[in-house]
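Here is what Swiss-Prot records for this protein:
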- 1-37: region 'Disordered' (REGION)
- 1-115: region 'Mediates interaction with LIMK1' (REGION)
- 12: phosphothreonine (MOD_RES)
- 16: phosphoserine (MOD_RES)
- 20-31: compositional bias 'Basic and acidic residues' (COMPBIAS)
- 30: phosphoserine (MOD_RES)
- 60, 71, 79, 82: Zn(2+) binding site (BINDING)
- 91: phosphothreonine (MOD_RES)
- 106: phosphoserine (MOD_RES)
- 151: O-linked glycosylation site (CARBOHYD)
- 158: phosphoserine (MOD_RES)
- 159: phosphoserine (MOD_RES)
- 165-192: region 'Disordered' (REGION)
- 174-183: compositional bias 'Basic and acidic residues' (COMPBIAS)
């Protein structure tokens, strides 16, 4: 026997044709807002001029360095190249003492945060006539945007031995025949005795001038 009771009506109202479009628009706005938030986070993650300089000096001379930690040698170079060391208020000894004080007992490097602490220590000595905050800002200005200075490029040193082996004008024998007066190699002509079939004896300097002499005499 079939159930004659009336079925309850569906209370969920049907969606209008325009509602799917509204849902898509809301979803798009949500995604755009998330993208903007990620962009702001990325912008905030950009390196400051001070940290960028720190990383450049941290990787100097070490291809395997990550740039997140700095050795004492590079710390000293940074202080020299950026003129934190002035030879009066701040010396190389001061720089070494501060580095040993800031780094951990069992560590050989300092992080960027420790680097800033070390600069605060040196700022007190470098700019004694300024307040602590002003002194730190002045030290930061000395370093921001800087990079390691490459110096001590090896120069060629001339010696009698090197000159004898490389100066073609001093070559003798068969070696001399391989180069022209300018020092340029003659190629195959300088290595192989080529047969001269011109009819002139070797060493004759007026080859090919007979016709000119005859015509000039007429």
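Along the chain as shown, the residues are counted starting at 1.
Keep in mind that glycine also has a Cβ here, set from the backbone N, Cα and C atoms.
Features per Swiss-Prot, on structure.
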residue: 60; record: Zn(2+) binding site; Cβ neighbours (10 Å): 20
residue: 71; record: Zn(2+) binding site; Cβ neighbours (10 Å): 19
residue: 79; record: Zn(2+) binding site; Cβ neighbours (10 Å): 28
residue: 82; record: Zn(2+) binding site; Cβ neighbours (10 Å): 20
residue: 91; record: phosphothreonine; Cβ neighbours (10 Å): 14
residue: 106; record: phosphoserine; Cβ neighbours (10 Å): 5
residue: 151; record: O-linked glycosylation site; Cβ neighbours (10 Å): 6
Measure from the Cα of residue 60 (Zn(2+) binding site) to the Cα of every one of the recorded positions 91, 106, 151, then give the nearest.
151
How many Å separate the Cα atoms of residue 91 (phosphothreonine) and residue 71 (Zn(2+) binding site)?
18
What's the CA to CA span in angstrom from residue 82 (Zn(2+) binding site) over to the residue listed as 'O-linked glycosylation site'?
14
Spatially, which candidate from the recorded positions 71, 79, 106 is nearest to the residue listed as 'O-linked glycosylation site', comparing Cα atoms?
79
Could you say whether, by DSSP, residue 71 (Zn(2+) binding site) belongs to a helix, a strand or a coil region?
strand
